Amino acid sequence: MIKIIPWFIIGVFFFPLLPPVMGNSQIHINFLTLLIGLIFIFRFRNNIKINNIVVLGVYFLLFQLLLFFSFYFGLKHESLGLTSILSTLRPLMLFVVYLSTVEICRRYDFFYKPCFNYIVAISFFYLIFELFCLKYSYNLVTLLYKRDFRPELFFVGTTFFGTSYYSGYSFYCIFLLSFVNLYNKRNLTSKAITCFAFLLVLSSLSKTMILCLFISTYLMLLVYVRSYVVKLSLISVLPLAILSLFLFQTEISTFLSDSGIPALSSIKTLLYDSSNSGSLNARSSQIFDAFELGQSYSLLFGAGLGQDASIESLPAVYLYRYGTLGLMLFYTCNLLLLLYSSRKLFFSKKEHFAISFSLWIWVATLPITQLSGVMIEQSKMAVVSALMVGYLLKEYNKLESNYV
């Protein structure tokens with residue numbers, strides 16, 4: 001069974017979105033991951049770790065109960081259909097996906113295996129094909145992954161995920177995992193894979209992902225370099241860089257604007273012109289709208305499933321779908337995960353420091369990454385997120401039997 005695991009990861013990662021048929025929907029990916037999750041749970045049924053069932057079960061059960069209440073309040077203004085039933089059972093389906101993936105992580109260290117490098121390398125060369133050979137690849141790219149009815153996406157890297165911030169988040173997680181080999185092996189291959197992952201995130205032009213990318217890169221450099229002189233230089237450079245951003249605002253802004261490079265233009269918007277960012281303003285407006293709608297129905301439990309609502313960021317979606325109780329539950333769990341990951345990082349052995357550090361960064365930046373969308377619940381990104389949770393819950397300092 002363990003031989004199938006890399007093919008499962010590769011299959012989910014590269015599975016076609018088929019936008020000409022499915023449009024914006026990725027429901028077929030949800031069914032695929034649910035089916036595979038059920039198969040793995042059935043296969044591992046005698047050796048599933050009880051702690052994983054309890055931790056994940058309590059988390060998703062609480063959200064399932066909140067969603068039932070929200071569904072009740074949404075009956076007053078939302079239309080019902082078959083998809084409404086599926087949306088109502090979303091936490092239950094996510095429990096299956098997360099539990100199966102967490103159990104896979106107990107048995108398989110994805111980031112140490114060749115398939116990890118293959119996925120990153122193939123993704124990078126596909127990115128080049130997608131962005132710079134669009135004249136020749138248009139029909140294939142729009143058939144498999146990219147939406148031809150979203151022309152603004154033709155100039156950003158969406159790779160295998162359909163939307164820029166979906167791609168940015170997925171490769172941000174990959175970038176964090178790539179640090180494990182970079183830190184431990186320090187060879188040319190690990191450096192190339194980390195650079196590829198970095199560029200894949202940057203090409204998404206997602207402002208939140210680029211912000212998290214720079215934060216994580218700086219922190220990684222601090223622990224990667226061995227020279228204390230270089231470490232002190234990096235520490236001193238940060239306040240100088242921040243000061244320069246204020247002192248030379250006009251010069252830096254002009255340089256970034258005139259560069260003609262989309263990634264630098266996104267950085268300029270992030271640094272100096274966030275008030276005129278369409279995506280940031282839209283998400284801020286969504287949060288206020290969701291809060292006001294929740295007041296009209298149930299501020300505590302939410303206003304319905306939100307299938308037809310134009311909301312993307314986690315605060316807006318959770319306020320609408322789970323109410324203030326759901327939003328508070330998420331941030332409480334995020335804080336608990338941060339404390340747990342900090343403890344694991346502090347007590348980790350030398351050989352497990354890199355993975356503990358990468359996972360700590362992922363948890364610390366999770367509230368920022370989810371401002372773009374609820375990637376922890378959606379399609380392929382849910383599987384990627386479940387991988388991160390799986391390695392976070394894995395007891396590296398204890399010997400775990402590889403039951404397969």
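Including glycine, each Cβ sits where the backbone N, Cα and C put it.
On a predicted model such as this, the values are computed, not experimentally measured, just so you know.
Going by TrEMBL, these are the annotated features:
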- 5-21: transmembrane segment (TRANSMEM)
- 27-44: transmembrane segment (TRANSMEM)
- 53-73: transmembrane segment (TRANSMEM)
- 85-104: transmembrane segment (TRANSMEM)
- 116-138: transmembrane segment (TRANSMEM)
- 158-183: transmembrane segment (TRANSMEM)
- 195-222: transmembrane segment (TRANSMEM)
- 228-248: transmembrane segment (TRANSMEM)
- 319-340: transmembrane segment (TRANSMEM)
- 352-371: transmembrane segment (TRANSMEM)
Listed stretch, out of 5-21, 53-73, 228-248, 319-340, 352-371, that has the most CB pairs under 8 angstroms to the transmembrane segment (158-183): 352-371
Most Cβ pairs under 8 Å with the transmembrane segment (116-138), selected from 5-21, 27-44, 53-73, 195-222, 319-340: 195-222
Seg_contact(the transmembrane segment (319-340), the transmembrane segment (27-44)) with at least 3 CB pairs under 8 angstroms, min sep 6: no
